[in-house]
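Read through the structure below, which is laid out as structure tokens, and then see the notes.
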Ligand code: SF4
Ligand code: SF4
């Protein structure tokens, strides 16, 4: 695990632990700290130790600068935005580190920055093939983090719907920024008619079906060992990066279309195109946690008033104010509807109308999934790529000629 990954991981874990403290869960806080200490002892990693020290210093500075934010006293939307921006910032640093490492390897030099393994999270198809391989007893050592991160994201869908999309996804956040930029110049909400919206939403499920077909039928189990030992798979991350950095004409047209969709409609990419959104949407039907409206407290039934603030706040255009429970596959558990509701007890995210969770708890689930599980897989020896640097250097020289 590189220093950037270690700092991000330990900062997130310490932040999660501090949230338990500020929420008054002292027992949970002590368990979290003891778990972090145990992980440090088991790992016996100098990098992880440095990461913990840096994480603690950063958290202290963050608390000094924005105490309310660290103590979780801020509003739901501020908490979610802050968390998303921190994740995006960490990913940008990872991207810089990865670029420096790859450019130096390509130039035939020994890199002074190690390759961050978390970049393998951007290889979902490789991750899917690896998970299939694991079920057949084949463990890939080139990009283990791809399988780990894919499994983690799927797990979040089972537990808390599309909270990964609403609380963590960097692409979703960038899409939101582009959409807001467009709204500064063109104020109108350019929504497609309902009859068109549904077929457009199905595109992401078709893309998911294509990916699943590739993983399930395009790669028989017998072929997995030769695939994971192939040159292509060993530098799959570089091939993915080149796909974006040296796009073909078709890829450029696709990027332009995605750009138009993202700026035209809020969460357009998540709603219409993202295969991750599709699989999480399907898994979300199994999640016990849902947005639930309590009609005993809702202003509509309790006071006979007109109110649709929750519906108007929803970026996914879900009609919330007439439903008892939101089952929609588009719900990202972002809790904007809860934040907008003027009656505290009327709307919540939880197991039932009376057992709802705070935004801080949702964030803690996402932190636990995205950071505790990678730490566990690192301790189990299944996180760092075992591809030798020399092999990567040699393969990088002929990356353009390496195909499937
Ligand atoms: S229903 Fe609420 S939690 Fe779900 S996407 Fe809409 S605003 Fe977010
Ligand atoms: S915003 Fe709250 S009070 Fe208003 S309709 Fe929605 S749940 Fe009811």
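Every residue, even glycine, has its Cβ placed from backbone N, Cα and C.
Taken residue by residue, the domain '4Fe-4S ferredoxin-type' (322-352) breaks down under DSSP into 5 helix, 6 strand, 20 coil. The domain '4Fe-4S ferredoxin-type' annotation in TrEMBL covers 322-352.
The transmembrane segment annotation in TrEMBL covers 6-22 (among others).
The transmembrane segment annotation in TrEMBL covers 29-62 (among others). Among residues of the same chain six or more beyond the transmembrane segment (29-62), those with a C-beta under 8 A of the stretch's C-beta atoms are 1-3, 5-18, 20-21, 69-70, 375, 378-379.
The transmembrane segment annotation in TrEMBL covers 82-100 (among others). Long-range neighbours of the transmembrane segment (82-100) within the same chain, counting only residues 6 or more positions beyond its ends whose Cβ lies under 8 Å from a Cβ of the stretch, are 2, 4-5, 8, 66, 69, 74, 111-116, 118-119, 167-168, 170, 172-174, 237, 241, 363, 366.
Summarising the annotation, TrEMBL assigns transmembrane segment to 145-174 (among others).
Summarising the annotation, TrEMBL assigns transmembrane segment to 205-228 (among others).
What TrEMBL lists as transmembrane segment is 240-262 (among others).
Per TrEMBL, the feature transmembrane segment maps to 362-383 (among others).
Between the transmembrane segment (362-383) and the transmembrane segment (205-228), fewer than three CB pairs separated by 6 or more residues in sequence fall under 8 Å, so the two stretches do not touch.
Under 8 Å from some Cβ of the transmembrane segment (145-174) lie the Cβ atoms of residues 80, 83-85, 87-88, 91, 117-121, 123-124, 126-128, 130-131, 134, 267, 269-270, 274, 276-277, 279-284, 286-287, 289-290, 329-335, 362-363, 365-366, 369-370, 373-374, 377, 382-383, 385, all in the same chain and six or more residues away from its ends.
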